[in-house]
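S.K.: Submitted below is the structure of interest, expressed as structure tokens.
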Amino acid sequence: MPLLDSFKVDHTRMNAPAVRVAKTMRTPKGDNITVFDLRFCIPNKEILSPKGIHTLEHLFAGFMRDHLNSEQIEIIDISPMGCRTGFYMSLIGMPNEQQVANAWSASMQDILNVKNQAEIPELNEYQCGTYTEHSLEDAHNIARNILNRGVGINKNEDLLLDDNLLNS
């Protein structure tokens, strides 16, 4: 099985919160697709709570679109990582890391402005697979933590995993 790009970076050297360009590609029609690693937590040291990450999933995607989508950029998807240390964001376009960091910070402020569970979009049994598994309080704590720490930038060249460590 081929080694995925996300496993070619040294997770022990990742900073968080931080933005990283995980992958870029071009479609057959010539559109640029960029995948960003939005690392909320330091890998293997911190983790997002299940209810908090689920509530973020419902809120973050909409707020990021509000702050980042433009004539040149369109978010395709924002999905939580299985390891619960962040999200992957796929989009059409090539914003720089600082644009993404700014949108992320603005989105965290928007999350803090959500005052009650009833304001969480798609929070019902018809649109959510586990609609009872949410915590606005956890989402607020995560957002506050991101804003207090500030969003940095992780560069792939700084995180390249040594060949000797691959598959070890």
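Using the three backbone atoms N, Cα and C, a Cβ is placed for every residue, glycine included.
Below, the features straight out of Swiss-Prot:
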BINDING   H54, H58, C128  Fe cation binding site
S.K.: Once the chains shown are all counted, how many other Cβ atoms turn up within 10 Å of the Cβ of C128 (Fe cation binding site)?
M.R.: 17
S.K.: Applying a 10 Å Cβ distance cut-off over all chains shown, what neighbour count does H58 (Fe cation binding site) have?
M.R.: 19
S.K.: How many other Cβ atoms sit within 10 Å of the Cβ of H54 (Fe cation binding site)?
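M.R.: A 10 Å sphere around the Cβ of H54 (Fe cation binding site) contains 22 other Cβ atoms.
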S.K.: Please report the DSSP secondary structure of H58 (Fe cation binding site), reduced to three states.
M.R.: helix
S.K.: If the Fe cation site is taken as the center of the Cβ atoms of H54, H58, C128, which further residues of that chain fall within 8 Å of it by their Cβ?
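M.R.: Near the Fe cation site, beyond H54, H58, C128, sit T55, E57, I120, E122, L123, T130, Y131, E133, H134.
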